[in-house]
Amino acid sequence: MKERIVNLETLDFETSQEVSLRPNLWEDFIGQEKIKSNLQISICAAKKRQESLDHMLFFGPPGLGKTSISHIIAKEMETNIKITAAPMIEKSGDLAAILTNLQAKDILFIDEIHRLSPAIEEVLYPAMEDFRLDIIIGSGPAAQTIKIDLPPFTLIGATTRAGMLSNPLRDRFGMSFRMQFYSPSELALIIKKAAVKLNQDIKEESADEIAKRSRGTPRIALRLLKRVRDFALVKNSSLMDLNITLHALNELGVNELGFDEADLAYLSLLANAQGKPVGLNTIAASMREDEGTIEDMIEPFLLANGYLERTAKGRIATPKTHALLKIPTLKSQTLF
């Protein structure tokens, strides 16, 4: 599958740009109001007790602000944050090196935490529960366990697949938050704030149009904003008006619902099955894509907006999908 403009993952060239547009304070962070409210209370209480925060887990589709909100937590707690990802922690020694370099109340953010190996999880358990690192030296009867005390710290785990977390690991998080898709009005506000940082004038209706096509995801909204800005520059326009915005979005292949070719191909596959469940492996083979990408990158938004149902036997298109694609459903055959 070719690179999608609505890809939920951060593209290589976007890393530094994302940081520059990242909110630094609660008042700058738009959306996720319930999560923000709970976190503000927890942070205030922890600071009054002069303790570290409880370990917390953020889960949900990519691009909804798990990393951004973790940076704000660190800023509010007036402490440092160490960012890593589970695939980078291959050996227990890798984790030990990270943990022993943490200071009191520091935050360790582990992205894709569901990908930690069982051996790494075993090292992490006493660190989370007792702030203790158990290191085994040697093997067999001569093996010895050395216990190293760690300063109190907060582990923030982020995952797109909460169901793949082991129960022992999940149970060790004191707080767990499901990140929700954003409303068009929230995304429009994010877009307008980002446009100010980019020194780009944008019409209200242009921000609304980009927001409508951003699949409820700030990362996609900001990406589309920057691509539309490119079109405006080429057209020698200092203002992103509705005409330029519509032209750019249509050229980028993102329709008014935020769907691209991959989404429409996926939905067509289900709709043409005429109510019969389609297995994930069949979908992956037909689209020439791996199952994980389909589950993480295509299905969440479609599922949240009622375009498919997941059953034990496979995926089924809903009447909403048939109406969108103008593919009629076959009427059930009866004897009368």
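Using N, Cα and C of the backbone, Cβ positions are placed for all residues, glycine too.
Sequence annotations record features per position, and here Swiss-Prot assigns ATP binding site to Leu21, Arg22, Gly63, Lys66, Thr67, Ser68, Glu129, Asp130, Phe131, Arg172, Tyr182, Arg219 based on sequence analysis. Annotation note: Glu129 (ATP binding site) sits in a helical segment as assigned by DSSP. Cβ contacts within 10 Å of Glu129 (ATP binding site), excluding its own Cβ and spanning all protein chains shown: 10.
DSSP gives Thr67 (ATP binding site) a helix state. Shown in sequence order, Ile83, Phe109, Asp111, Ala158 are the residues of the chain, 6+ apart in sequence, with a C-beta less than 8 angstroms from the C-beta of Thr67 (ATP binding site). Here Swiss-Prot flags Thr67 as Mg(2+) binding site, drawing on sequence analysis.
There are 13 other CB atoms within 10 A of the CB of Arg310 (DNA binding site), with all protein chains counted. According to DSSP, Arg310 (DNA binding site) sits within a strand segment. The DNA binding site annotation in Swiss-Prot covers Arg310, Arg315 and rests on sequence analysis.
The annotation region 'Large ATPase domain (RuvB-L)' is assigned in Swiss-Prot to 1-182.
The annotation region 'Small ATPAse domain (RuvB-S)' is assigned in Swiss-Prot to 183-253 on the grounds of sequence analysis. Per DSSP, the region 'Small ATPAse domain (RuvB-S)' (183-253) is made up of 50 helix, 4 strand, 17 coil.
The region 'Head domain (RuvB-H)' annotation in Swiss-Prot covers 256-336. The average per-residue pLDDT of the prediction over the region 'Head domain (RuvB-H)' (256-336) is 90, rounded to a whole number.
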Integer Cα-Cα distance in angstrom, Arg310 (DNA binding site) to Glu129 (ATP binding site): 36
Arg315 (DNA binding site) and Glu129 (ATP binding site), Cα-Cα, nearest whole angstrom: 40
Residue distribution over DSSP helix, strand and coil in the region 'Head domain (RuvB-H)' (256-336): 40 helix, 9 strand, 32 coil
Binding-site residues (Phe131, Tyr182), the one with most neighbouring Cβ atoms at 10 Å: Tyr182
Rounded distance in angstrom between the Cα atoms of Gly63 (ATP binding site) and Arg315 (DNA binding site): 24
Neighbourhood of Leu21 (ATP binding site), C-beta criterion under 8 angstroms, separation at least six: Ala194, Lys197, Leu198, Leu222
Arg315 (DNA binding site) and Phe131 (ATP binding site), Cα-Cα, nearest whole angstrom: 44
